[in-house]
Amino acid sequence: MSGYPPSSQGYGYGGNPPPPQPPYGSTGNNPPPYGSSGSNPPPPYGSSASSPYAVPYGAQPAPYGAPPSAPYASLPGDHNKPHKEKPHGASYGSPSPGGYGAHPSSGPSDYGGYGGAPQQSGHGGGYGGAPQQSGHGGGYGAPPPQASYGSPFASLVPSAFPPGTDPNIVACFQAADRDNSGFIDDKELQGALSSYNQSFSIRTVHLLMYLFTNSNVRKIGPKEFTSLFFSLQNWRSIFERFDKDRSGRIDTNELRDALMSLGFSVSPVILDLLVSKFDKSGGRNRAIEYDNFIECCLTVKGLTEKFKEKDTALSGSAIFNYENFMLTVLPFLVA
(Lines of atoms letter the chains of each structure in order from A; the text may use other names.)
(Lines give C-alpha, C1' and ligand atoms only; values in the text may rest on other atoms or scores of the structure.)
Protein backbone atom coordinates (compact mmCIF):
# COMPACT_ATOMS: atom_id res chain seq x y z
CA MET A 1 0.00 0.00 0.00
CA SER A 2 1.32 3.40 -0.90
CA GLY A 3 1.15 6.32 1.43
CA TYR A 4 -1.02 8.29 -0.94
CA PRO A 5 -4.81 8.44 -0.77
CA PRO A 6 -6.59 6.33 -3.35
CA SER A 7 -7.29 7.90 -6.71
CA SER A 8 -10.81 9.27 -7.23
CA GLN A 9 -10.75 8.38 -10.92
CA GLY A 10 -10.69 4.60 -10.64
CA TYR A 11 -11.16 1.55 -8.53
CA GLY A 12 -7.78 -0.14 -8.81
CA TYR A 13 -6.78 -3.23 -6.97
CA GLY A 14 -7.13 -2.55 -3.27
CA GLY A 15 -8.94 0.72 -3.87
CA ASN A 16 -12.09 1.94 -2.21
CA PRO A 17 -15.38 0.26 -3.22
CA PRO A 18 -17.42 1.85 -6.01
CA PRO A 19 -19.75 4.72 -5.12
CA PRO A 20 -23.43 4.07 -4.47
CA GLN A 21 -25.76 3.33 -7.40
CA PRO A 22 -27.16 6.39 -9.23
CA PRO A 23 -30.70 7.46 -8.38
CA TYR A 24 -33.59 5.35 -9.71
CA GLY A 25 -34.38 6.11 -13.32
CA SER A 26 -30.97 7.64 -14.21
CA THR A 27 -28.26 6.05 -16.36
CA GLY A 28 -25.06 7.13 -14.66
CA ASN A 29 -23.78 10.57 -15.58
CA ASN A 30 -26.00 10.80 -18.65
CA PRO A 31 -29.58 12.04 -18.27
CA PRO A 32 -32.30 9.57 -19.26
CA PRO A 33 -33.68 9.98 -22.76
CA TYR A 34 -36.84 12.06 -23.03
CA GLY A 35 -39.90 9.93 -22.60
CA SER A 36 -38.08 6.85 -21.24
CA SER A 37 -39.68 4.86 -18.43
CA GLY A 38 -36.78 2.85 -17.01
CA SER A 39 -36.72 -0.82 -17.79
CA ASN A 40 -40.47 -1.14 -18.31
CA PRO A 41 -41.46 -1.29 -21.99
CA PRO A 42 -43.83 1.42 -23.26
CA PRO A 43 -47.54 0.52 -23.22
CA PRO A 44 -49.02 -0.60 -26.54
CA TYR A 45 -50.70 1.95 -28.78
CA GLY A 46 -54.21 2.62 -27.56
CA SER A 47 -53.66 1.09 -24.11
CA SER A 48 -55.66 2.76 -21.37
CA ALA A 49 -54.22 0.75 -18.47
CA SER A 50 -51.20 2.98 -17.84
CA SER A 51 -52.19 6.20 -19.57
CA PRO A 52 -55.31 7.91 -18.18
CA TYR A 53 -55.49 10.24 -21.16
CA ALA A 54 -55.17 7.65 -23.91
CA VAL A 55 -58.23 7.08 -26.06
CA PRO A 56 -58.53 3.40 -27.06
CA TYR A 57 -58.25 2.76 -30.75
CA GLY A 58 -61.73 2.30 -32.17
CA ALA A 59 -63.49 4.27 -29.43
CA GLN A 60 -66.72 6.00 -30.41
CA PRO A 61 -66.22 9.54 -31.80
CA ALA A 62 -67.62 12.63 -30.12
CA PRO A 63 -70.83 14.10 -31.60
CA TYR A 64 -70.56 17.09 -33.90
CA GLY A 65 -70.41 20.29 -31.92
CA ALA A 66 -70.03 18.59 -28.53
CA PRO A 67 -67.06 18.96 -26.15
CA PRO A 68 -64.15 16.75 -27.24
CA SER A 69 -64.73 14.05 -24.63
CA ALA A 70 -68.53 13.95 -24.56
CA PRO A 71 -69.53 10.30 -24.88
CA TYR A 72 -71.44 9.61 -28.10
CA ALA A 73 -72.93 6.15 -27.54
CA SER A 74 -70.24 5.46 -24.94
CA LEU A 75 -68.91 1.97 -24.65
CA PRO A 76 -70.09 -0.08 -21.63
CA GLY A 77 -68.26 0.89 -18.46
CA ASP A 78 -67.17 4.28 -19.79
CA HIS A 79 -68.28 6.75 -17.13
CA ASN A 80 -65.70 9.50 -17.62
CA LYS A 81 -67.02 12.99 -17.09
CA PRO A 82 -66.94 15.34 -20.08
CA HIS A 83 -63.95 17.63 -20.31
CA LYS A 84 -65.24 21.11 -19.49
CA GLU A 85 -62.40 23.17 -20.93
CA LYS A 86 -62.58 24.42 -24.49
CA PRO A 87 -59.75 23.45 -26.86
CA HIS A 88 -56.95 25.94 -27.18
CA GLY A 89 -57.91 28.65 -29.64
CA ALA A 90 -61.47 27.39 -30.23
CA SER A 91 -64.30 29.90 -30.23
CA TYR A 92 -67.44 29.41 -28.18
CA GLY A 93 -69.76 26.87 -29.81
CA SER A 94 -67.24 25.75 -32.41
CA PRO A 95 -67.05 22.06 -33.35
CA SER A 96 -64.56 19.82 -31.66
CA PRO A 97 -61.13 19.62 -33.32
CA GLY A 98 -60.95 17.25 -36.25
CA GLY A 99 -64.64 17.46 -37.16
CA TYR A 100 -67.34 14.83 -36.71
CA GLY A 101 -66.01 11.32 -37.00
CA ALA A 102 -62.42 12.08 -35.91
CA HIS A 103 -60.85 10.52 -32.82
CA PRO A 104 -61.81 12.56 -29.74
CA SER A 105 -59.07 14.40 -27.90
CA SER A 106 -58.84 14.60 -24.14
CA GLY A 107 -56.64 15.79 -21.32
CA PRO A 108 -53.20 17.33 -21.79
CA SER A 109 -52.78 15.78 -25.24
CA ASP A 110 -54.96 18.62 -26.61
CA TYR A 111 -52.03 20.94 -26.02
CA GLY A 112 -49.17 18.73 -27.09
CA GLY A 113 -48.14 17.82 -23.52
CA TYR A 114 -45.95 14.96 -22.48
CA GLY A 115 -47.13 11.77 -24.14
CA GLY A 116 -49.61 13.66 -26.32
CA ALA A 117 -49.94 13.46 -30.06
CA PRO A 118 -48.06 16.13 -32.04
CA GLN A 119 -50.42 18.84 -33.18
CA GLN A 120 -50.51 20.89 -36.32
CA SER A 121 -51.66 24.45 -36.55
CA GLY A 122 -54.18 25.44 -39.15
CA HIS A 123 -55.94 22.90 -41.31
CA GLY A 124 -54.95 19.31 -42.02
CA GLY A 125 -54.68 16.19 -39.95
CA GLY A 126 -51.64 14.66 -38.31
CA TYR A 127 -49.32 12.17 -39.88
CA GLY A 128 -51.34 9.25 -41.19
CA GLY A 129 -54.66 10.97 -40.49
CA ALA A 130 -57.36 12.14 -42.84
CA PRO A 131 -57.37 15.85 -43.80
CA GLN A 132 -59.34 17.94 -41.35
CA GLN A 133 -61.49 20.98 -41.98
CA SER A 134 -61.12 22.82 -38.71
CA GLY A 135 -59.26 22.81 -35.41
CA HIS A 136 -55.83 21.32 -34.80
CA GLY A 137 -56.11 18.22 -36.98
CA GLY A 138 -55.93 14.54 -36.14
CA GLY A 139 -53.26 12.96 -33.96
CA TYR A 140 -50.22 11.02 -35.02
CA GLY A 141 -51.35 7.83 -36.67
CA ALA A 142 -55.04 8.63 -36.16
CA PRO A 143 -57.19 6.38 -38.35
CA PRO A 144 -58.93 8.24 -41.17
CA PRO A 145 -62.68 7.92 -41.67
CA GLN A 146 -63.76 4.54 -42.94
CA ALA A 147 -64.99 5.85 -46.26
CA SER A 148 -61.47 6.96 -47.21
CA TYR A 149 -60.41 3.36 -47.67
CA GLY A 150 -62.86 2.80 -50.52
CA SER A 151 -66.50 2.18 -51.21
CA PRO A 152 -68.29 -0.46 -49.14
CA PHE A 153 -70.26 -1.55 -52.21
CA ALA A 154 -69.22 -4.59 -54.19
CA SER A 155 -67.77 -4.27 -57.67
CA LEU A 156 -70.03 -5.42 -60.47
CA VAL A 157 -68.27 -8.22 -62.36
CA PRO A 158 -69.39 -10.07 -65.50
CA SER A 159 -71.32 -13.26 -64.85
CA ALA A 160 -73.03 -16.07 -66.74
CA PHE A 161 -76.31 -17.91 -66.43
CA PRO A 162 -76.10 -20.87 -64.03
CA PRO A 163 -76.24 -24.28 -65.73
CA GLY A 164 -79.79 -25.42 -66.41
CA THR A 165 -81.32 -21.93 -66.33
CA ASP A 166 -84.83 -21.78 -67.76
CA PRO A 167 -84.50 -20.77 -71.46
CA ASN A 168 -87.35 -18.29 -70.99
CA ILE A 169 -85.27 -16.41 -68.40
CA VAL A 170 -82.27 -16.39 -70.76
CA ALA A 171 -84.42 -15.10 -73.61
CA CYS A 172 -85.94 -12.41 -71.38
CA PHE A 173 -82.51 -11.15 -70.34
CA GLN A 174 -81.10 -11.22 -73.88
CA ALA A 175 -84.09 -9.29 -75.20
CA ALA A 176 -83.48 -6.57 -72.61
CA ASP A 177 -79.70 -6.50 -73.21
CA ARG A 178 -79.95 -4.63 -76.51
CA ASP A 179 -76.27 -3.69 -76.70
CA ASN A 180 -75.07 -7.23 -75.84
CA SER A 181 -72.95 -5.85 -73.01
CA GLY A 182 -73.79 -8.69 -70.63
CA PHE A 183 -75.59 -6.25 -68.31
CA ILE A 184 -78.98 -4.58 -68.25
CA ASP A 185 -79.66 -1.25 -66.58
CA ASP A 186 -82.59 -0.19 -64.41
CA LYS A 187 -84.88 0.84 -67.27
CA GLU A 188 -84.16 -2.37 -69.16
CA LEU A 189 -84.82 -4.46 -66.05
CA GLN A 190 -88.09 -2.64 -65.47
CA GLY A 191 -89.17 -3.46 -69.04
CA ALA A 192 -88.04 -7.09 -68.78
CA LEU A 193 -90.08 -7.66 -65.62
CA SER A 194 -93.11 -5.93 -67.14
CA SER A 195 -93.06 -8.46 -69.99
CA TYR A 196 -93.74 -11.13 -67.35
CA ASN A 197 -96.63 -9.19 -65.81
CA GLN A 198 -94.42 -7.93 -62.99
CA SER A 199 -94.83 -4.16 -63.12
CA PHE A 200 -92.72 -2.24 -60.61
CA SER A 201 -91.85 1.38 -59.94
CA ILE A 202 -88.31 2.47 -60.71
CA ARG A 203 -87.65 2.76 -56.97
CA THR A 204 -88.55 -0.91 -56.48
CA VAL A 205 -86.32 -1.81 -59.43
CA HIS A 206 -83.43 0.06 -57.80
CA LEU A 207 -83.96 -1.83 -54.55
CA LEU A 208 -84.01 -5.12 -56.44
CA MET A 209 -80.72 -4.28 -58.16
CA TYR A 210 -79.08 -3.19 -54.91
CA LEU A 211 -80.20 -6.27 -52.95
CA PHE A 212 -79.10 -8.75 -55.60
CA THR A 213 -75.79 -7.12 -56.58
CA ASN A 214 -74.78 -5.27 -53.37
CA SER A 215 -73.60 -2.58 -55.75
CA ASN A 216 -74.59 1.04 -56.24
CA VAL A 217 -74.04 0.64 -60.00
CA ARG A 218 -77.52 0.29 -61.42
CA LYS A 219 -76.78 -2.66 -63.67
CA ILE A 220 -77.32 -6.38 -63.27
CA GLY A 221 -75.80 -9.45 -64.92
CA PRO A 222 -77.22 -12.87 -65.92
CA LYS A 223 -76.45 -14.65 -62.64
CA GLU A 224 -78.03 -11.95 -60.47
CA PHE A 225 -80.98 -11.61 -62.86
CA THR A 226 -81.71 -15.33 -62.52
CA SER A 227 -81.69 -15.15 -58.70
CA LEU A 228 -83.88 -12.05 -58.79
CA PHE A 229 -86.36 -13.69 -61.15
CA PHE A 230 -86.83 -16.79 -59.00
CA SER A 231 -87.13 -14.70 -55.82
CA LEU A 232 -89.90 -12.66 -57.41
CA GLN A 233 -91.74 -15.84 -58.35
CA ASN A 234 -91.47 -17.04 -54.75
CA TRP A 235 -92.70 -13.72 -53.34
CA ARG A 236 -95.64 -13.66 -55.74
CA SER A 237 -96.72 -17.13 -54.61
CA ILE A 238 -96.44 -15.99 -50.96
CA PHE A 239 -98.51 -12.88 -51.68
CA GLU A 240 -101.22 -14.93 -53.38
CA ARG A 241 -101.24 -17.47 -50.55
CA PHE A 242 -101.81 -14.83 -47.85
CA ASP A 243 -104.21 -12.71 -49.90
CA LYS A 244 -106.99 -14.98 -48.70
CA ASP A 245 -109.89 -12.80 -49.87
CA ARG A 246 -108.31 -12.37 -53.33
CA SER A 247 -108.60 -8.60 -53.05
CA GLY A 248 -105.18 -7.95 -54.57
CA ARG A 249 -104.08 -6.50 -51.23
CA ILE A 250 -102.88 -7.92 -47.91
CA ASP A 251 -103.68 -6.29 -44.58
CA THR A 252 -101.56 -5.98 -41.45
CA ASN A 253 -102.25 -9.47 -40.13
CA GLU A 254 -101.68 -11.05 -43.53
CA LEU A 255 -98.45 -9.10 -43.90
CA ARG A 256 -97.30 -10.39 -40.52
CA ASP A 257 -97.91 -13.99 -41.61
CA ALA A 258 -96.28 -13.42 -45.00
CA LEU A 259 -93.13 -11.96 -43.46
CA MET A 260 -93.06 -14.79 -40.93
CA SER A 261 -93.09 -17.31 -43.78
CA LEU A 262 -90.04 -15.53 -45.20
CA GLY A 263 -88.26 -15.82 -41.85
CA PHE A 264 -88.80 -12.26 -40.56
CA SER A 265 -90.58 -11.80 -37.23
CA VAL A 266 -91.41 -8.12 -36.74
CA SER A 267 -93.31 -6.42 -33.93
CA PRO A 268 -96.83 -4.92 -34.29
CA VAL A 269 -95.35 -1.43 -34.13
CA ILE A 270 -93.07 -2.13 -37.10
CA LEU A 271 -95.93 -3.79 -38.98
CA ASP A 272 -98.04 -0.64 -38.59
CA LEU A 273 -95.16 1.47 -39.87
CA LEU A 274 -94.67 -0.79 -42.88
CA VAL A 275 -98.36 -0.73 -43.80
CA SER A 276 -98.48 3.06 -43.40
CA LYS A 277 -95.42 3.42 -45.61
CA PHE A 278 -96.41 1.05 -48.42
CA ASP A 279 -100.19 1.56 -48.51
CA LYS A 280 -100.90 3.41 -51.78
CA SER A 281 -104.05 4.94 -50.29
CA GLY A 282 -102.01 6.78 -47.70
CA GLY A 283 -103.17 4.56 -44.87
CA ARG A 284 -106.91 4.56 -45.58
CA ASN A 285 -107.07 0.93 -46.74
CA ARG A 286 -104.50 -0.33 -44.23
CA ALA A 287 -103.41 -2.83 -46.87
CA ILE A 288 -100.56 -3.31 -49.38
CA GLU A 289 -100.81 -4.20 -53.07
CA TYR A 290 -98.45 -6.64 -54.77
CA ASP A 291 -95.82 -4.24 -56.16
CA ASN A 292 -95.51 -2.42 -52.82
CA PHE A 293 -95.48 -5.78 -51.04
CA ILE A 294 -92.32 -6.60 -53.00
CA GLU A 295 -90.73 -3.28 -51.98
CA CYS A 296 -91.75 -3.92 -48.36
CA CYS A 297 -90.16 -7.39 -48.45
CA LEU A 298 -87.00 -5.99 -50.02
CA THR A 299 -86.69 -3.38 -47.26
CA VAL A 300 -87.24 -5.84 -44.41
CA LYS A 301 -84.99 -8.47 -46.01
CA GLY A 302 -82.19 -6.02 -46.79
CA LEU A 303 -82.11 -4.31 -43.39
CA THR A 304 -82.35 -7.65 -41.56
CA GLU A 305 -79.44 -9.12 -43.52
CA LYS A 306 -77.29 -6.03 -42.94
CA PHE A 307 -78.08 -6.19 -39.23
CA LYS A 308 -77.22 -9.90 -39.03
CA GLU A 309 -73.80 -9.17 -40.54
CA LYS A 310 -73.03 -7.29 -37.31
CA ASP A 311 -74.98 -9.62 -35.01
CA THR A 312 -72.50 -12.48 -35.39
CA ALA A 313 -73.69 -14.13 -32.16
CA LEU A 314 -77.33 -14.00 -33.33
CA SER A 315 -78.25 -12.34 -30.03
CA GLY A 316 -80.61 -9.76 -31.50
CA SER A 317 -78.14 -6.96 -30.71
CA ALA A 318 -75.41 -5.35 -32.79
CA ILE A 319 -73.03 -2.39 -32.60
CA PHE A 320 -72.80 0.05 -35.50
CA ASN A 321 -70.57 3.07 -35.80
CA TYR A 322 -71.99 6.19 -37.42
CA GLU A 323 -70.57 5.49 -40.87
CA ASN A 324 -71.82 1.90 -40.99
CA PHE A 325 -75.25 2.92 -39.78
CA MET A 326 -75.62 5.52 -42.52
CA LEU A 327 -74.37 3.09 -45.19
CA THR A 328 -76.85 0.50 -43.96
CA VAL A 329 -79.95 2.72 -43.98
CA LEU A 330 -79.38 5.26 -46.76
CA PRO A 331 -79.49 2.86 -49.75
CA PHE A 332 -83.08 2.01 -48.78
CA LEU A 333 -84.02 5.68 -48.47
CA VAL A 334 -82.46 7.01 -51.67
CA ALA A 335 -83.23 4.11 -54.03
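Placement of Cβ uses the backbone N, Cα and C atoms for every residue, glycine included.
Annotated in Swiss-Prot:
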BINDING   Asp177, Asp179, Ser181, Glu188  Ca(2+) 1 binding site
BINDING   Asp243, Asp245, Ser247, Arg249, Glu254  Ca(2+) 2 binding site
COMPBIAS  1-10  compositional bias 'Low complexity'
COMPBIAS  30-45  compositional bias 'Pro residues'
COMPBIAS  46-63  compositional bias 'Low complexity'
COMPBIAS  110-141  compositional bias 'Gly residues'
DOMAIN    164-199  domain 'EF-hand 1'
DOMAIN    230-265  domain 'EF-hand 2'
REGION    1-154  region 'Disordered'
In the chain carrying Asp179 (Ca(2+) 1 binding site), residues 6 or more apart in sequence that have Cβ under 8 angstroms from it: none
For Ser181 (Ca(2+) 1 binding site), the one of Asp245, Ser247, Arg249, Glu254 that lies nearest, given that the binding-site residues are compared by Cα: Arg249
For the Ca(2+) 2 site built from Asp243, Asp245, Ser247, Arg249, Glu254, further residues of that chain with CB within 8 A of the site's CB center: Phe242, Lys244, Arg246, Gly248, Ile250, Asp251, Ala287
Proximal residue to Glu188 (Ca(2+) 1 binding site) among binding-site residues Asp243, Asp245, Arg249, Glu254 (C-alpha distance): Arg249
For Asp243 (Ca(2+) 2 binding site), the three-state class that DSSP assigns: coil
Secondary structure at Asp179 (Ca(2+) 1 binding site), reduced by DSSP to three states: coil
Between Asp177 (Ca(2+) 1 binding site) and Glu254 (Ca(2+) 2 binding site): CA-CA distance (Å): 37
